[in-house]
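> Attaching a single structure in structure tokens format; questions to follow.
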Amino acid sequence: MSKAHMASNGEGEPGSPARTYEEALNCLSSLITRRTRADGANKGDHFDLMFEYLKILELEDSMSRLKVIHVAGTKGKGSTCAFTESILRNCGFHTGLFTSPHLIDVRERFRLDGMDISEEKFTAYFWWCWDILQEKINDDVPMPTYFRFLALLAFKIFVAENVDVAIVEVGLGGKFDATNVIRTPIVCGICSLGYDHMEILGNTLGEIAGEKAGIFKQGVPAYTVSQPEEAMSSLKAKASQLGISLQVASPLDRGLLDGQQLGLDGEHQYINAGLAISMSRSWLERTGHSEGIFTQNTKSLPEQFIRGLTLSRLQGRAQIVPDPYFSTQSSTLGPGGLVFYLDGAHSPESMVVCASWFSNVAKETARYIYHPEQPKNSSSARLVPILIFNCMSVRDPQMLLAPLMSTCSYNGVYFHKALFVPNQSTFNKVGSFTSTQSNPQQVDLSWQMTIQRVWKNTINGNKGLIDDKVTGVNEVCKQGEQRNTRNFENSAIFPSLASAIQWLREYAQQKRTIRLQVLVTGSLNLVGDVLRLIKK
Ligand SMILES: Nc1ncnc2c1ncn2[C@@H]1O[C@H](COP(=O)(O)OP(=O)(O)OP(=O)(O)O)[C@@H](O)[C@H]1O
């Protein structure tokens, strides 16, 4: 990158004291604000400002040359984007990928050719954008908020790095999302729709779908997956208003993978992969690159696609991580130890897919799953499922725990203990990893107590726990309720995630023939915190 690209006001370059990566993270943190309602009444919280910022950064023209794939939806956006990026990279293209949120390092949000952007490049592009904006802002055009800044930074990076294709995940919603300044994408996609962020997007599936369909553009083909009727008709209505085609991508037929596995685990990933295949194909056709990739046999997948799908990766989604603490001592521990199953599900529908995934893998590996009614097999490690859970206080824990518990018990997997912990990282600091309160005596655990109460109530089978609105979840919950839930009874609150992990390690160490299978879910931040802690 040229120096002209780097610093706009001559105050310094990356590496000088005030221009470091750490300093950039501090400045970025200063942009974090609580969300406001982004609806028609306030024009998406001054969404039009985004166009002002693009003008200030002189990105308008260059952005229109980016060959973008734009993806919205409630669940599966990140995974679908990761598959799409990997497919097109394996077809030989120079790719840019913008996703959210990040788990450990903000640079995860910006991938170039499948790799997180380097600290050096991030720092340089950050200050380029930051300095120009700082110089030009005024009362009418204030500094962009956190996600808006990140989206602008992504556009700057992709333009400057001259990517062949930019795959861009919507942050929240669609119509008024910061990424929706993309005027002429090559193709758009809407992943599985469900109930999330209702305080911002609306209370019905139709309203939510309408917001997401706000990314559709005239002349741009749109793809989606099978959706509940109400959501689908809203998508169709928007597509027909614009006179564009809306095609429904079928889930990937696993037989097309030549006996290989998708890079991302879980049944639901076949839905996401199907959408990624359709969008990639459409992108290749519309940019004139399909020749030589597709053969006459329309039933098979090009080998570049298979490579892309099987090599794709994304942290914190159905990820299995053996605790490194035990892998270094495995010879002395025998068959016991601790394995984390990480999935950042935080909506009712994703809790169901998360619980199905966990149950399946837990059962696959089970030589003995903890269940008092089953005989113990003393010759091998006993597998003991444990839950670590937290969710944001804007969420209804009942809507998350009920489907989790029901799906697991329906599949015959019973948590030996549920641990409720506060998140480690603070919401308003990028890259920080400190507890909100360092003295465990002072930590406010009232939210964790609420969650624990909900857990206990759910065990006791309170009626009216489950909201009938949640398609698919209700049926599973009812089936699960009929099962014996007494094995969910043990639960505990820990003042920090670190203390919970410490407890688990000691427990596994004492009982050498026990292997703890720890499902961590409810919050992607929590999952990121676990990854940070165990990899230290
Ligand atoms: N097709 C799907 N249907 C239901 N749940 C899904 C689907 N795909 C992914 N999930 C669940 O959603 C979680 C997040 O996946 P992913 O990051 O791909 O989606 P996302 O839409 O980007 O979500 P978020 O906005 O929460 O980051 C996964 O861990 C999984 O539990």
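Glycine is treated like the rest: Cβ placed from N, Cα and C.
Remember, TrEMBL labels are computer predictions, not curated facts.
Heads up, here are the entries from TrEMBL:
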| type | residues | note |
| --- | --- | --- |
| BINDING | S100, E169, H197 | Mg(2+) binding site |
| BINDING | R317, D343 | ATP binding site |
> If you skip the near sequence neighbours and keep only those at least six away, which residues in the chain come within under 8 angstroms of R317 (ATP binding site), Cβ to Cβ?
G78, S79, L264, D265, G266, D343, G344
> Near S100 (Mg(2+) binding site), which residues of its own chain have a C-beta under 8 A away, given they sit six or more steps off in sequence?
G78, R109, F147, L150, E169, G171
> Tell me, how many other CB atoms lie within 10 A of the CB of D343 (ATP binding site), whichever protein chain they belong to?
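So the Cβ neighbour count for D343 (ATP binding site) comes to 25.
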> On the three-state reduction of DSSP, what should I expect for S100 (Mg(2+) binding site)?
coil
> Which three-state DSSP class does E169 (Mg(2+) binding site) fall into?
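Looking at the DSSP assignment, E169 (Mg(2+) binding site) belongs to a strand.
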